[in-house]
Amino acid sequence: ILFYFILFPQQIQLTEQKQEFNKRHTKTRRRSLSRSISQSSTESFSSAYSDSSEDESSPKDKLQKTSKGLSDFCIKNIKYASHGRREIEIAEQEMPALMVLRKRAGGEKPLAGAKVVGCTHITAQTAVLIETLCALGAQCRWAACNIFSTQNSVAAALAEAGISVFAWRGESEEDFWWCIDRCVSAQTWQPNMILDDGGDLTHWIHKKYSTMFLKIKGIVEESVTGVYRLYQLSKAGRLCVPAMNVNDSVTKQKFDNLYCCKESILDGLKRTTDVMFGGKQVVVCGYGEVGKGCCAALKALGAIVYVTEVDPICALQASMDGFRVIKLSEIVRQVDMVITCTGNKNVVVREHLDRMKNGCIICNMGHSNTEIDLAGLRAADLKWEHVRPQVDHIVWPDGKRIVLLAEGRLLNLSCSTVPSFVLSITATTQVFYYFCLLMFADEYVASLHLSTFEAHLTELTDEQAKYLGIGKHGPFKPNYYR
Ligand SMILES: NC(=O)c1ccc[n+]([C@@H]2O[C@H](COP(=O)([O-])OP(=O)(O)OC[C@H]3O[C@@H](n4cnc5c(N)ncnc54)[C@H](O)[C@@H]3O)[C@@H](O)[C@H]2O)c1
């Protein structure tokens, strides 16, 4: 495994020696990393979930045991385990490739010896990922990367299955770091791999347990933000183990960002606003993968869609896909909805909102909660009314109301379900990254999902393969293909 981590080309370069890392790990850097990372502890995406009838006591105050006597976990309530198991079984049906990997491994344990400490959303879908790693021989300990997205019943099912999980829905910021710490600092167990979503776990190990990097062989990072931080660490010469960038894998970009958003944008809008889409005028800011998915879904339901873009290539794509590319300031007066998908900050600002019509809906599908300038909307002359979960009205002095969804955070994370099948593709890629990181991995992951659609691939003839200069069975695209 280490061999692959070191060899493959898309890995972020991290050849610094561990001693070098320890030497350079200055307090100043730690502080700045800590600040930027803690801002993101509630971002990233997964299916929204809410467990009802929770008791109010903190899980930290309870001593719980599984039916087999395990107590090395901290979750809301172990008695939810059987419900969580059913959730996981339903997700398994929509995550065929991971199940195929388990079967293909047979009794073999290709990940034997891997001790994975993970920090991701804890949902039925990630449970399928975690249990696949275990089925392939890895030992896992897990914490949540998001204080809101944990499915308590799923966490209970994982604990009951013998996995040490430290997470519950609605953790405080302090609980969040406590859970990560408990996950990392087991007395008789030391991780040799990290699977992170957002970079918080990696940051914590750097900050508190830097000597662990002597044993850690690599990091698999899923999110844009986490990858950005790894690049920063690498640039500063402080990244001392190989890191895998799942976010830039073809399978994540092409499927997760595009199809996941295409499938969940309408659901998020419907659940929060009951809005009808036909004939509505919508502006989508950003025509990258996420923007393309949102535009396609809205157009299919008869909405009139406008696009804003800074990049002429994406603007041209939008134009040729039939969308009018326009500046937000030119269209903002007449639209019924504004959806941000840029990964940028302050794309929608007070000035735009001042000009929107009464009842205009604004929401974000892009990065964290930075795309809509919320600070500007907290001005003294505007009133905020919390109308229902994930829906706030911002009221202007003349009575105009703008509808803000999910407090400007990712709408589909907060208010809708994310399709397991799409998550399966990224999750399978994550498992694969423990073995290798080639175009072949992406193609293999895609091929494992094709049988669901009874799709039959055409095979290249020897002559055709020779003509194209590629192998008959792939890789079909170069590593830089996106
Ligand atoms: N909601 C989800 O489920 C989900 C899923 C995947 C990714 N994301 C997030 O969505 C964001 C976008 O992801 P992507 O894959 O589409 O990225 P991308 O880079 O492909 O697309 C972003 C687009 O926004 C454009 N842009 C940047 N600033 C702009 C501005 N001020 N006005 C108009 N356009 C602007 C860029 O030119 C680019 O084309 C990222 O932050 C990513 O983390 C969300």
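One is the number of the first residue shown, and numbering goes on along the chain from there.
Glycine residues also receive a Cβ, built from the backbone N, Cα and C atoms like all the rest.
If you look up TrEMBL, you'll see Thr123, Asp197, Glu222, Lys252, Asp256 marked as substrate binding site. Other C-beta atoms found within 10 angstroms of the C-beta of Glu222 (substrate binding site) number 29, with every protein chain shown included.
Among the features that TrEMBL reports, NAD(+) binding site is placed at Gly288, Glu289, Val290, Gly291, Lys292, Gly293, Glu309, Asn412. In the three-state DSSP classification, Lys292 (NAD(+) binding site) falls within a helix. The Cβ neighbour count for Lys292 (NAD(+) binding site), using a 10 Å radius over every protein chain in view, is 24.
The compositional bias 'Basic residues' annotation in TrEMBL covers 24-33.
According to TrEMBL, the feature compositional bias 'Low complexity' maps to 34-51.
The feature domain 'S-adenosyl-L-homocysteine hydrolase NAD binding' is assigned by TrEMBL to 257-418.
Marked as region 'Disordered' by TrEMBL: 19-65.
Ranked by Cβ neighbours within 10 A across all protein chains shown, the binding-site residues Gly288, Gly291, Gly293 are led by Gly291. Taking a Cβ cut-off of under 6 Å from any atom of ligand 1, the binding-site residues Lys252, Glu289, Lys292, Glu309 reduce to Glu289, Glu309. The distance from the Cα of Glu289 (NAD(+) binding site) to the Cα of Thr123 (substrate binding site) comes to 24 Å.
Under DSSP, Thr123 (substrate binding site) is assigned to coil, being neither helix nor strand in the three-state scheme. If you take the Cα of Glu222 (substrate binding site) and the Cα of Gly288 (NAD(+) binding site), they are about 18 angstrom apart, rounded to a whole number. The shortest Cα-Cα distance from Thr123 (substrate binding site) to any of the binding-site residues (Gly288, Val290, Gly291) is found for Val290.
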